[in-house]
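According to Swiss-Prot, the protein carries these features:
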- 26, 72-73, 99-100, 103, 105, 124-132: 5-phospho-alpha-D-ribose 1-diphosphate binding site (BINDING)
- 34, 35, 128, 156: orotate binding site (BINDING)
(Lines of atoms letter the chains of each structure in order from A and count residues from 1; the text may use other names and numbers.)
(Lines give C-alpha, C1' and ligand atoms only; values in the text may rest on other atoms or scores of the structure.)
Protein backbone atom coordinates (compact mmCIF):
# COMPACT_ATOMS: atom_id res chain seq x y z
CA UNK A 1 0.00 0.00 0.00
CA UNK A 2 1.29 3.43 -0.94
CA UNK A 3 1.72 6.11 1.74
CA UNK A 4 -1.01 8.30 0.24
CA UNK A 5 -3.49 5.40 0.36
CA UNK A 6 -2.79 4.83 4.05
CA UNK A 7 -3.12 8.58 4.71
CA UNK A 8 -6.45 8.60 2.86
CA UNK A 9 -7.84 5.76 4.99
CA UNK A 10 -6.64 7.43 8.19
CA UNK A 11 -8.22 10.74 7.19
CA UNK A 12 -11.48 8.96 6.29
CA UNK A 13 -11.56 7.28 9.71
CA UNK A 14 -10.72 10.51 11.54
CA UNK A 15 -13.46 12.45 9.74
CA UNK A 16 -15.96 9.56 10.11
CA UNK A 17 -16.25 9.42 6.35
CA UNK A 18 -15.54 5.72 6.85
CA UNK A 19 -17.53 4.07 9.63
CA UNK A 20 -17.93 0.49 10.80
CA UNK A 21 -21.09 -1.08 12.20
CA UNK A 22 -24.20 -2.35 10.42
CA UNK A 23 -25.61 -0.18 7.66
CA UNK A 24 -28.45 -0.80 5.23
CA UNK A 25 -27.45 0.32 1.74
CA UNK A 26 -29.84 1.58 -0.93
CA UNK A 27 -29.60 -1.87 -2.50
CA UNK A 28 -31.02 -3.35 0.71
CA UNK A 29 -27.76 -5.09 1.58
CA UNK A 30 -26.51 -4.96 5.15
CA UNK A 31 -22.96 -3.63 4.99
CA UNK A 32 -20.39 -3.70 7.82
CA UNK A 33 -18.98 -0.37 6.68
CA UNK A 34 -20.29 2.91 5.31
CA UNK A 35 -18.49 5.56 3.29
CA UNK A 36 -19.79 9.14 3.04
CA UNK A 37 -17.35 11.40 1.19
CA UNK A 38 -19.61 14.40 1.91
CA UNK A 39 -17.98 14.55 5.36
CA UNK A 40 -14.73 15.70 3.77
CA UNK A 41 -16.02 19.22 4.28
CA UNK A 42 -13.24 21.63 5.30
CA UNK A 43 -10.51 23.43 3.41
CA UNK A 44 -7.82 21.16 4.86
CA UNK A 45 -9.82 18.06 3.92
CA UNK A 46 -10.15 19.31 0.35
CA UNK A 47 -6.44 20.11 0.10
CA UNK A 48 -5.54 16.59 1.24
CA UNK A 49 -8.14 14.93 -0.98
CA UNK A 50 -6.73 16.80 -3.97
CA UNK A 51 -3.27 15.44 -3.21
CA UNK A 52 -4.61 11.88 -2.95
CA UNK A 53 -6.52 12.12 -6.24
CA UNK A 54 -3.48 13.65 -7.96
CA UNK A 55 -1.28 10.81 -6.72
CA UNK A 56 -3.81 8.19 -7.89
CA UNK A 57 -4.04 9.85 -11.31
CA UNK A 58 -0.26 9.80 -11.76
CA UNK A 59 -0.08 6.20 -10.48
CA UNK A 60 -2.66 5.14 -13.08
CA UNK A 61 -0.43 6.17 -15.98
CA UNK A 62 -3.49 7.36 -17.93
CA UNK A 63 -2.91 10.02 -20.58
CA UNK A 64 -5.05 12.93 -19.38
CA UNK A 65 -5.62 16.30 -21.07
CA UNK A 66 -8.44 17.55 -18.85
CA UNK A 67 -10.25 16.78 -15.58
CA UNK A 68 -14.04 16.78 -15.70
CA UNK A 69 -16.09 17.12 -12.51
CA UNK A 70 -19.76 16.16 -12.88
CA UNK A 71 -22.16 18.40 -10.93
CA UNK A 72 -22.32 18.57 -8.05
CA UNK A 73 -19.95 16.44 -6.02
CA UNK A 74 -17.38 16.14 -8.79
CA UNK A 75 -16.88 19.92 -8.99
CA UNK A 76 -14.74 20.47 -5.86
CA UNK A 77 -12.90 17.20 -6.51
CA UNK A 78 -11.85 18.26 -10.02
CA UNK A 79 -10.86 21.69 -8.73
CA UNK A 80 -8.74 20.50 -5.81
CA UNK A 81 -7.10 17.78 -7.92
CA UNK A 82 -6.09 20.36 -10.53
CA UNK A 83 -4.64 22.59 -7.78
CA UNK A 84 -2.70 19.65 -6.27
CA UNK A 85 -1.27 18.67 -9.67
CA UNK A 86 -0.01 22.24 -10.12
CA UNK A 87 1.32 22.71 -6.59
CA UNK A 88 2.89 19.32 -5.95
CA UNK A 89 3.71 17.97 -9.43
CA UNK A 90 4.16 21.10 -11.57
CA UNK A 91 1.41 19.91 -13.94
CA UNK A 92 -0.92 22.69 -15.09
CA UNK A 93 -3.98 20.54 -15.78
CA UNK A 94 -7.08 22.11 -17.38
CA UNK A 95 -10.40 21.29 -15.74
CA UNK A 96 -14.08 21.91 -16.32
CA UNK A 97 -17.45 20.97 -14.91
CA UNK A 98 -21.08 21.04 -15.97
CA UNK A 99 -24.06 22.93 -14.66
CA UNK A 100 -27.21 20.98 -13.93
CA UNK A 101 -29.17 23.59 -15.88
CA UNK A 102 -28.06 25.59 -18.90
CA UNK A 103 -27.45 29.29 -18.29
CA UNK A 104 -29.03 31.69 -20.78
CA UNK A 105 -27.06 34.81 -19.84
CA UNK A 106 -23.43 35.76 -19.22
CA UNK A 107 -21.12 33.13 -20.67
CA UNK A 108 -24.10 30.80 -21.20
CA UNK A 109 -24.06 27.06 -21.82
CA UNK A 110 -23.78 24.13 -19.46
CA UNK A 111 -19.98 23.96 -19.05
CA UNK A 112 -17.68 26.06 -16.88
CA UNK A 113 -13.88 26.09 -17.12
CA UNK A 114 -11.50 24.95 -19.84
CA UNK A 115 -12.80 23.75 -23.24
CA UNK A 116 -13.90 20.11 -23.06
CA UNK A 117 -11.55 18.33 -25.47
CA UNK A 118 -8.92 15.62 -25.76
CA UNK A 119 -8.50 12.74 -23.32
CA UNK A 120 -10.80 13.44 -20.38
CA UNK A 121 -10.60 11.89 -16.91
CA UNK A 122 -13.87 12.16 -15.00
CA UNK A 123 -13.48 12.59 -11.23
CA UNK A 124 -16.16 11.76 -8.67
CA UNK A 125 -16.40 10.35 -5.15
CA UNK A 126 -17.86 6.88 -5.72
CA UNK A 127 -19.79 4.94 -8.36
CA UNK A 128 -23.02 3.33 -7.21
CA UNK A 129 -25.41 2.99 -10.13
CA UNK A 130 -23.15 4.76 -12.64
CA UNK A 131 -25.85 7.33 -13.50
CA UNK A 132 -23.54 10.36 -13.23
CA UNK A 133 -21.07 8.64 -15.55
CA UNK A 134 -23.74 8.01 -18.19
CA UNK A 135 -24.92 11.63 -18.08
CA UNK A 136 -21.33 12.90 -18.27
CA UNK A 137 -20.57 10.57 -21.17
CA UNK A 138 -23.27 12.28 -23.23
CA UNK A 139 -21.69 15.69 -22.55
CA UNK A 140 -18.20 14.42 -23.40
CA UNK A 141 -19.49 12.87 -26.66
CA UNK A 142 -21.23 16.11 -27.65
CA UNK A 143 -17.87 17.88 -27.50
CA UNK A 144 -16.05 15.16 -29.47
CA UNK A 145 -13.79 14.47 -26.51
CA UNK A 146 -12.73 11.01 -25.30
CA UNK A 147 -13.45 9.54 -21.88
CA UNK A 148 -10.01 8.14 -21.05
CA UNK A 149 -10.77 7.15 -17.48
CA UNK A 150 -12.86 7.60 -14.36
CA UNK A 151 -11.25 8.32 -10.99
CA UNK A 152 -13.05 7.80 -7.68
CA UNK A 153 -11.93 7.60 -4.07
CA UNK A 154 -13.27 4.14 -3.14
CA UNK A 155 -13.92 1.03 -5.22
CA UNK A 156 -16.20 -1.18 -3.11
CA UNK A 157 -15.37 -4.16 -5.38
CA UNK A 158 -18.82 -5.67 -4.98
CA UNK A 159 -21.34 -7.09 -7.41
CA UNK A 160 -24.36 -5.12 -8.51
CA UNK A 161 -27.59 -6.96 -9.28
CA UNK A 162 -25.78 -9.26 -11.69
CA UNK A 163 -22.36 -10.86 -11.54
CA UNK A 164 -20.31 -7.72 -12.10
CA UNK A 165 -19.91 -4.43 -10.24
CA UNK A 166 -21.21 -1.02 -11.30
CA UNK A 167 -17.59 -0.11 -12.00
CA UNK A 168 -17.09 -3.12 -14.27
CA UNK A 169 -20.30 -2.15 -16.08
CA UNK A 170 -18.90 1.34 -16.71
CA UNK A 171 -15.61 -0.13 -17.98
CA UNK A 172 -17.50 -2.52 -20.26
CA UNK A 173 -20.02 0.01 -21.58
CA UNK A 174 -17.64 2.90 -22.20
CA UNK A 175 -14.33 1.18 -22.84
CA UNK A 176 -12.52 3.24 -20.21
CA UNK A 177 -10.53 2.39 -17.11
CA UNK A 178 -11.96 3.13 -13.67
CA UNK A 179 -9.36 3.61 -10.95
CA UNK A 180 -9.53 4.69 -7.34
CA UNK A 181 -7.48 6.03 -4.44
CA UNK A 182 -8.28 2.82 -2.54
CA UNK A 183 -10.18 -0.41 -3.10
CA UNK A 184 -11.96 -2.65 -0.61
CA UNK A 185 -8.89 -4.90 -0.72
CA UNK A 186 -6.68 -1.96 0.31
CA UNK A 187 -9.02 -1.31 3.22
CA UNK A 188 -8.82 -4.96 4.28
CA UNK A 189 -5.02 -4.82 4.09
CA UNK A 190 -5.05 -1.73 6.29
CA UNK A 191 -7.39 -3.31 8.85
CA UNK A 192 -5.18 -6.43 8.92
CA UNK A 193 -2.43 -4.29 10.45
CA UNK A 194 -4.70 -2.84 13.17
CA UNK A 195 -5.24 -5.50 15.89
CA UNK A 196 -7.89 -3.36 17.64
CA UNK A 197 -10.01 -3.51 14.48
CA UNK A 198 -10.08 -7.29 14.18
CA UNK A 199 -13.88 -7.51 14.61
CA UNK A 200 -14.39 -5.01 11.79
CA UNK A 201 -11.86 -6.86 9.64
CA UNK A 202 -13.72 -10.17 10.08
CA UNK A 203 -17.05 -8.53 9.21
CA UNK A 204 -15.67 -6.82 6.09
CA UNK A 205 -14.01 -10.07 4.95
CA UNK A 206 -17.32 -11.92 5.38
CA UNK A 207 -19.10 -9.23 3.36
CA UNK A 208 -16.48 -9.50 0.60
CA UNK A 209 -16.90 -13.28 0.53
CA UNK A 210 -20.66 -12.84 0.00
CA UNK A 211 -20.77 -9.89 -2.41
CA UNK A 212 -17.24 -9.37 -3.71
CA UNK A 213 -16.26 -9.55 -7.36
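For all residues, glycine too, the Cβ spot is worked out from N, Cα and C.
Using residue 127 (5-phospho-alpha-D-ribose 1-diphosphate binding site) as the reference Cα, a 10 A cut-off selects 156 from the binding-site residues 34, 35, 156. Secondary structure at residue 35 (orotate binding site), as computed by DSSP, is strand. Checked against residue 100 (5-phospho-alpha-D-ribose 1-diphosphate binding site), the binding-site residues 34, 35, 156 differ in C-alpha distance, with 35 being the nearest.
Rounded to a whole number, the distance between the Cα atoms of residue 125 (5-phospho-alpha-D-ribose 1-diphosphate binding site) and residue 34 (orotate binding site) is 13 Å.
The shortest Cα-Cα distance from residue 35 (orotate binding site) to any of the binding-site residues (26, 73, 125) is found for 125. It is 18 Å from the Cα atom of residue 73 (5-phospho-alpha-D-ribose 1-diphosphate binding site) to that of residue 156 (orotate binding site).
The two recorded residues residue 125 (5-phospho-alpha-D-ribose 1-diphosphate binding site) and residue 156 (orotate binding site) have their Cα atoms spaced 12 Å from each other. Within the group of binding-site residues (26, 73, 100, 156), the Cβ with the highest number of other Cβ atoms inside 10 Å belongs to 156.
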